[in-house]
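Data first, discussion second: the structure below is written as structure tokens.
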Amino acid sequence: MSSACRSLMVVGTSSHVGKTLLVAALCRLLKKAGKKVAPFKAQNMSLNAYVTPEGHEIAYAQALQAWAAGIPPAVEMNPILLKPQGNLTSQVVLNGVAVDTCRAGEYYERWFAPAWEAVKTALARLQQQYEWIICEGAGSPAEVNLKHRDLANTRVALHLGSPTWLVADIDRGGALAHVVGTLQLLEPAERALIRGIVINKFRGARELLQPGLDWLENYTGIPVVGVLPWLDWVLPQEDSMGLEAGPQLWENRRERAGRGSCLEIAVIRLPQVANFSDFDPLLAEPSVHLRWVHPGQSLGSPDVVILPGSKTTLKDLLALQKTGLADQLRLYSGHIVGICGGLQMLGQTIADPAGLEGVAGTYPGLGFLPLTTVLQPTKVTQQVQTQSRWPAPAPVQGYEIHQGSTQADPAGCLPIFEQEGLGWRDPTGRVWGSYLHGLFDNHRWRRHWLNELRRQKGWDPLPELEGHYAQQREELLDCLAEAWRPHLEWQQLLE
């Protein structure tokens, strides 16, 4: 190990306490302090994925943290990605490549040893390149029934000898008890690494909390290094569990934007929804109101319905059919969009000859576009740069993550991009779909599409935008770091 590289581990009392954003904020603060810093998460379970420039698949959360650090995302930052497929099975992505689909017990039998070797190799490579590694744990480090096969928490901290911060979510209630209970369940060597406690999502006056903090420090002997305020704005969620607050947050955006000339876009909340980060740029548009529609709910009368990506296209398509949402879509007269798995659903048929998603066979799609898809074992993971043909010529960049090849009938649909196989539309433009994740990140293309919708409603166009959502994301990451800077004793890391 390189003695020049320092590290900090961030673990939590449970999932969704704010570890991901704290790591992102620390990466940005250290970057601003002139340090070469990289994020790391040994194992992530998420359907929100990103493709690195080399074509490796990692969790989107680690890509976000890499951008916060001012560096390109790399596979070493997330060597193991587990993508749930339902029925207690997950696709195993090791070193950026899908290698297996198995149940939890099978995963630990087949992949625990090679996964730990991949973790150590990834850390060694990062240590050779960076001055700092900010490591994120997963869930809680104190799950005693899982400790012997936990790759992501104190095993990493012990391997690095890394000082560790423990994060608790006070908004849920019981934060002090969560901290004390977590510490009591750790082994002595693990507890000795805990050098700081962070209380996250705090609302109210610090002085009202201070007696509890004093007690906590006295009882545990560990300093409270941060009391982070609740942030009333949206950054990307790590996984679909974080979307449960989504409808409320999206409705709040609507209240702030007002009901003026505001396009309403409904996104179908598929059971295995994937890459919902695709919609962050639309969420940032003040003239757009997004809302989730769960299978079984009424579609309403939105201007646009989007079928997002799915880890299990056939299962999610069946959910639409069983709950009546497919019938609602057939009666719907507005615009329909499909992204990745959603694109596949818009076609005539989806064939699964190898039974990748269950029983082998050919299944009917929704029938909105003359497309036929064949699911294939080989996964496509690559970044893309191309030019759009519709709704106007514009440079476009994004990335593909899919298992399947789609063929289009040129008599019934038109290509959207210069590069073949990325997306198609019907002759009217009312229905379209694309394999391209990150499509809405392209400012110019997104505004062309939104303005076409506005034109059809007789509304004035929005100003054209050049550039990419990455610029707004940079501003959000700066805001995150500056919002937490005065509430976090991060400068002790530099001592």
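Placed from the backbone N, Cα and C atoms, the Cβ positions cover glycine too.
The Cβ of Cys340 (active site, nucleophile) lies under 8 Å from the Cβ of Ala274, Asn275, Pro308, Gly309, Ser310, Glu400, Ile401, His402, Ser434, Tyr435, His437, each on the same chain and at least six residues away in sequence. Residues annotated as active site, nucleophile in Swiss-Prot: Cys340.
Following the DSSP three-state reduction, the secondary structure of His437 (active site) is strand. For His437 (active site), other Cβ atoms within 10 Å of its Cβ number 27. Annotated active site per Swiss-Prot: His437, in sequence order.
Positions annotated as domain 'GATase cobBQ-type' by Swiss-Prot: 262-445.
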